[in-house]
Amino acid sequence: MELVLAIGIGALVGSGVWLLQRPRTFQLIVGLSLIGYGVNLFIFAMGRLRVNAAPVLSDGGPADPSAYADPIPQALVLTAIVIGFATTALFLVVLLAARGLTGSDHVDGREP
Amino acid sequence: MIESAILIPLVTIPFVVSLIALALPSNARNTEAWIAGITALGLFILTAMQYPAVDDGGAIRHNIEWVPQLGLNMTFRMDGFAWLFTMLITGIGFLVVIYARYYMSPEDPVPRFYAFLLAFMGSMLGVVNSGNLIQLVVFWELTSVFSFLLIGYWYHNAAARDGARMALTITALGGLCLLAGILLIGQVVGSYDLDTVLASGSMIRGHKLYVPILVLVLIGAFTKSAQFPFHVWLPNAMSAPTPVSAYLHSATMVKAGVFLMTRLWPVLAGTPEWFTIVGLAGMATLLLGAFFAIFQQDIKGLLAYSTISHLGLITLLLSLGSPLGLVAAIFHMANHATFKASLFMAAGIIDHEAGTRDMRKLGGLFSLMPVTATLAMVASAAMAGVPLLNGFLSKEMFFAEAIEHHADSILDTAAPYVAVLASAFAVTYSIRFIHGVFFGKIPADMPKHPHEPPFFMRLPAMLLVLICLVVGILPGQTIGGYLNSAAMAVLGPEMPEYSLSIWHGFNVPLLMSVLALVAGILLYGILKTYLATSEEGPPYFRELKGQRIFERVMVSVSWRWARLLESWLGTRRLQPQLRLLAFIALVAAVLAATRRGVPHPTLSLGNMDLLFTGLWAIGIICAIGAAYQAKYHRLYALILMGGAGLVTCISFIWLSAPDLALTQLVVEVVTTVLILLGLRWLPKRIEQNYDGVSLETRLRRGRDMLLAVGCGAGTAFLAYVVMVRQPPQTIADFFVENAYELGGGRNIVNVILVDFRGFDTFGEITVLGIVALTVFSLLRRFRPAPDNIDSPEQQLLQSRHTARSDESEEAETASIADEYLYMPSVIMQWLFPVIIVFAFYLFLRGHDAPGGGFVAGIAMAAAFILQYMAAGTRWVEERLRVLPVRWMGMGLLVAAATGLGAWVFGYPFLTSHAQYIELTLIGKVPAATALIFDFGIFSLVMGATVLMLIAIAHQSIRKLRAAKLPTAQENA
C-alpha cells in the first residue's frame, strides 16, 4: 500500500514538474494542480497510512490515540485543499488577463 | 506604583492629541494652536511637578509587562537627566507652537503640521523616558519618521522632498545600526532593561563584542546628531518650516544622539576606542561645522552648520570620559537648545518680514525691527560665548576640560588648539550674522519692507533669551540644582567637584576665551568684503557637495547596482527560472539525503491491495496523460487532471480521511467548472506535425524529462522512506485525547480546525477572502484578446439555429442549455434545494462526523453555480440575488466576533465553549461556540467561491453584448 501510494505521489509530482517547464500557461496551471495533489498526499502520508481508523471518536469517553489515524496532517491538508483552490482561481485569472493584454498564452507574455 | 503611572500619559497624550489635531478642519488654525499649546504646557507643568521624585539621583519607573518571556516589556523610566530633557522638549515645544501659530500662513494645511509636531513630541518623550532599550529604538525610529514628515511638510517644494528623503535615509539607517547594536548589548547582558544594562558596564566593556556594539551604537548616535561625516542631512533639512527647524533641528531631535551617548556613557565610555572614535568625530564636526558656518549666505544654513558645530562640541566633551566633561556636555545641551531655538525663531521672523534669508540681500534691519534685532543679538552673543550669557559658562567648562590631560593621544594634545580655533570661528559667524543682517545699509532689492512682527511671535524668542541671560548671570541659583540631579542620574553618587559661576579668576580658560573673541573679530574683519558677495558655501569645499555625493551613492545603490544584479542573475524568461528552482530543490534534497544518510527501506509487498494498486494505475495514467495532453487538448487534460484528483479523493477515503475526501471532491467539482469557464478565453492551438522537431528541441525535452523523472522519483522515494518508518510521538495524541473533553466534538479534524487551531483557520479564511476579492477586481478590467471577442463557433451555430426555430425575442438571451441540454438543465434546477439541504447537513454534522464549514461552503457554492450553468447568467440573476461579498464579510465578522466573544468572558481570543443542549423532541444537540465560528468559515468560503465563479462566468455575457452588434446587422 505504501509503495503504491509513494509511486503515485512520484508520478503526480513528476508530471507536474514536467509541465512546469512547458511554455504555455495552461500547461502550468495543470502542472501546479498535479503537484498540489502530490504534495497534499505527501503531507497526508506523513501521518502514516491507516485503514478504517478515521479520526472520528466513536463515543464521548476517553480516547486511545493509537486507535485513530493522525488527525494533524489531515487538518493541515484540509485547509491546503481550499487554499489550493483559491490560488488556482487566482492563477487562472492572471493567466486570462495576461493572455488578453499580451495576446499570447506563453508564460513570458510573448512568443519566443 | 500609581504615581509612577504618570509617565504613561506623559508619552501617550501627544499621540492622542495628534490624532485629534489631524481630524480638525484645515482652516482651524487657532483651535489647532490652542490644543497643541495646552497639551505641551500641560505636559511641561506635569513634568515640573515630578521633580522631587527625580532629585538627588532618584528615578520614577513604571513597568507594563507585554511579552515577559522575551524580555519585552514597556518600561517608562524618568531620572534627573530624562527629566531635564523632558522639560526642554515640552517647554520649547510649547514656545514653538505659539511661534508657529503666527509663522504658518493661512494657506498652509495646519492640522497636518500640528499633528506631526505633537506626534514628534510624543516620540521624543518616548526616547528620553524609555526604560527598555528596544522601546527606545522604536521611539527613536518614530522621531526619524516624523522628522521626515515635518521636513517634507511643504511637499510641493522639491528641496523639501529631497531634504526629507535624505534625512530619513541617513537617520533611519543609523537607527537600524543602533537596533543591531542594542540587540548585541542584549546578547551580552541578557536583558534590554536600561537599569540592568547600566549596571553591567564593565561586563560590556570587557566583552569581545564591545567594539561592534560601540561602532553600531555610535553610528546611530552620529547620524541623529549630525556628526561628521553624517552631518550632510542637517543643512538640507533647513527646507522645513522654520518652527520645525527651531524645534527639531536645534533643540530636540538632533540632541537625541548626544542624549543616547550620555545615557550609555557609564556603559560604553572610558575606553581608548571610545576616546578615539567619539573624539575624532566630535573634533572634526566642531571645527568643520564652525568653519562652514562662516561661509553660509542663508541665515538658516549658518545656524544649521553652527548647530552641527555645537553638537560636535558636546560629542567631544563626552569623548573625554571624564565626569567633569559629562557635566559640561549636559550643561551645553540645555544652553544650546535655548539660544539656538531663539535664533531660529529670529531667522524665521526675518524671513517672514523681509521675504528672504539671503544675507547678501539683507542689511540695516536694526532700525526697522529693533526688538527682534536685540533678541537675536543677545542670542548670538550666547552662541559666540560672550560673558554674562549661558553659552559662555559651558564654553568655559569646555576650555577647562580641553586643557586637562585625559589620554596619551594626539587628539588630546590637539584639543585646546582646536577648541580655541572653533570658538574663534563661532565668534566670526555670530558677528557675521548680526552685522550682515541688522547693520549696514538697507539694500534696495529687499523683497519686502520689514517691520516688527506681532508681539506673540516675538514672545517665545523673548522668553528663551531671558533664560539665556538669567542662567548666564545667576547659574548656581537657577540651573545649578537641576544640572546636578541630571548629572547625578548618569554618574551616580560620585559627583565631581565643580562650580557654576561667572568669575573663576584669571586662568587659562579665560585667556582662551579672550583669544578666541579677538581672533574671531579679526577674522571677520578680513573676510567681510569677501563674504558680502561670495557664493554660498566655503571656498574649495563648496565644490564638494555633500548632497551631490549622497545622491550619487543613492543612485548607485538603489538603481545601478540593482540593474547590474538583475542583468547578471535575472532572466526575463520564466521557464529557466522554474527549471532552476526544481533543479536546486532536487540537488539540495539529494545532497541532504547522501550527507545525512537515509535508512535503506526494505521493500515490503505484504500489504499490497490489488484494488488500490489498480486505482493508482489509473491515477498515474491520468497524471501522465494530463501532462501529455495539456498543450493541444486542454479539455482532455482537464478531464484527466480531474481523474487524478478523483483518485486522490478515493485514496483519502481508503486511508481513513473522510473529511479530506469530502473536501477534495467538492473542490474538484468547482475547480473543474472554474477552469472550464476559463478555457474559452485561450487561443486555439492545432497539433503540428511531429516530423519537424529539431534535434535541439529533442535535447531540451530530454533534459526536462530527466529533471521531471528525477523530481518524481525523489519524492516517491522520500514518501516511501517516511511512510515505512515508525511514527514518532507527536502532539496528535493530545488532540485525540482532548478533542471531546476540551473541544466538545467527536470529529477530531474539525475540532482542530475550529477550536484548537482556530486562529490559524481564521487567518486562512482571511486569505481566501482576499484572494477572492483579488480575482473579482482583476476581472473587472478584463480585456480578452481580439481573437476571443467573438463567441465560440459552437455557440454561434447554436444561436443561429435557435433564432431560426424560435421567432421570439427571448431566443437571443436564452441559454444553450435550453435547447440540447434540456433534461440536464431541468435536473440541475431541481437539484438546487437538494444541494442546499445537503450543504446544511454537512455543516451541522461537522463537529461530530465528517463535514464542516469548509466543505459545506463549497457544496453550497456548487449549488449556485449549477443554477448558472443550467439556466444562464441572466436567468439566474433576474430571480436570485446572490451577494457573495456580503456573505464573505459576514463570515469574517462572525468568526472574529466569536473570537472576541471569548474576551468578554475573560478567556483568550477564540477560546470556545462547548456543551450539549437538551431540546424537547429533538434530543441532545451540540451547542459549541465553535459551531458559530464554523458558520463564519462556511459563510466566507461560500461567498469567496461563488464570487470567483460568478466573476469568471460574467465575462461571457459581457463579451456577448459587445459581439452582438454585427449579429444584429446580419439578421437585419
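Glycine is treated like the rest: Cβ placed from N, Cα and C.
Annotation comment: TrEMBL describes B:6-24 (among others) as transmembrane segment.
What TrEMBL lists as transmembrane segment is B:112-128 (among others).
What TrEMBL records for B:209-234 (among others) is transmembrane segment.
Beyond the transmembrane segment (B:302-320), the same-chain residues lying 6 or more positions past its ends with a Cβ under 8 Å from any Cβ of the stretch are 222, 225-228, 231, 234-235, 237-238, 245, 249-250, 254-255, 257-258, 261-262, 265, 269, 274-275, 277-279, 281-290, 292-293, 296, 326, 328-329, 332-333, 336, 340, 343-344, 347, 359, 383, 398, 401, 404, 406, 415, 422, 425-426, 429, 432-433. As annotated by TrEMBL, transmembrane segment applies to B:302-320 (among others).
Marked as transmembrane segment by TrEMBL: B:417-440 (among others).
Sequence annotations record features per position, and here TrEMBL assigns transmembrane segment to B:503-527 (among others). The list of residues near the transmembrane segment (B:503-527) in space but at least 6 beyond its ends in sequence, with Cβ under 8 angstroms from a Cβ of it, reads 294, 384-387, 392, 395-396, 399-400, 403, 416, 419-420, 423-428, 430-432, 435.
With a threshold of 8 Å between CB atoms, the same-chain residues lying at least 6 positions outside the transmembrane segment (B:580-598) that come near it are 707, 710-711, 714, 718, 721. The transmembrane segment feature in TrEMBL is assigned to B:580-598 (among others).
Taken from TrEMBL, the feature transmembrane segment applies to B:610-628 (among others).
Annotation source TrEMBL lists transmembrane segment at B:635-655 (among others).
Per TrEMBL, transmembrane segment is recorded for B:661-683 (among others).
The feature domain 'MrpA C-terminal/MbhE' is assigned by TrEMBL to B:699-795. DSSP states for the domain 'MrpA C-terminal/MbhE' (B:699-795), grouped as helix (H, G, I), strand (E, B) and coil, give 75 helix, 1 strand, 21 coil.
Cβ atoms under 8 Å from those of the transmembrane segment (B:761-779) belong to residues 753-754, 884-885, 888, 891-892, 895-896, 899, 910, 936-937, 940-941, 943-945, 947-948, 951-952, 954-955 of the same chain, restricted to positions at least 6 beyond its ends. The transmembrane segment feature in TrEMBL is assigned to B:761-779 (among others).
Taken from TrEMBL, the feature compositional bias 'Polar residues' covers B:791-800.
For B:820-843 (among others), the entry in TrEMBL reads transmembrane segment. Long-range contacts of the transmembrane segment (B:820-843) within its own chain (CB-CB distance under 8 A, at least 6 residues past either end) are made by residues 662, 798, 851-853, 855-857, 859-860, 862-863, 866-867, 869-871, 934-935, 938.
The feature domain 'Na+/H+ antiporter MnhB subunit-related protein' is assigned by TrEMBL to B:824-946.
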Checking distant contacts: for the transmembrane segment (B:661-683), what same-chain residues at least six beyond its ends satisfy Cβ-Cβ under 8 A?
634-635, 638, 642, 645-646, 648-650, 652-653, 784-785, 787-788, 792, 842, 850-851, 854-855, 858-859, 861-862, 865, 869, 945, 948-949, 952-953, 955-956
Within the same chain, the residues 6 or more beyond the ends of the transmembrane segment (B:209-234) and with Cβ under 8 Å of it are 140, 143-144, 163, 166-167, 169-171, 173-175, 177-182, 184-185, 187-188, 249, 253-258, 260-261, 264, 268, 271, 273-274, 277-278, 281-282, 284-285, 288-289, 304, 307-308, 311-312, 314-315, 546-547, 549-550
Cβ-Cβ under 8 Å with the transmembrane segment (B:6-24): same-chain residues at least 6 beyond its ends
31-32, 35-36, 39, 42-43, 46-47, 50, 60, 62, 64, 76-78, 86, 111-112, 114-116, 118-119, 121-122, 125-126, 129
Across the domain 'Na+/H+ antiporter MnhB subunit-related protein' (B:824-946), what are the DSSP residue counts per state (helix, strand, coil)?
87 helix, 8 strand, 28 coil
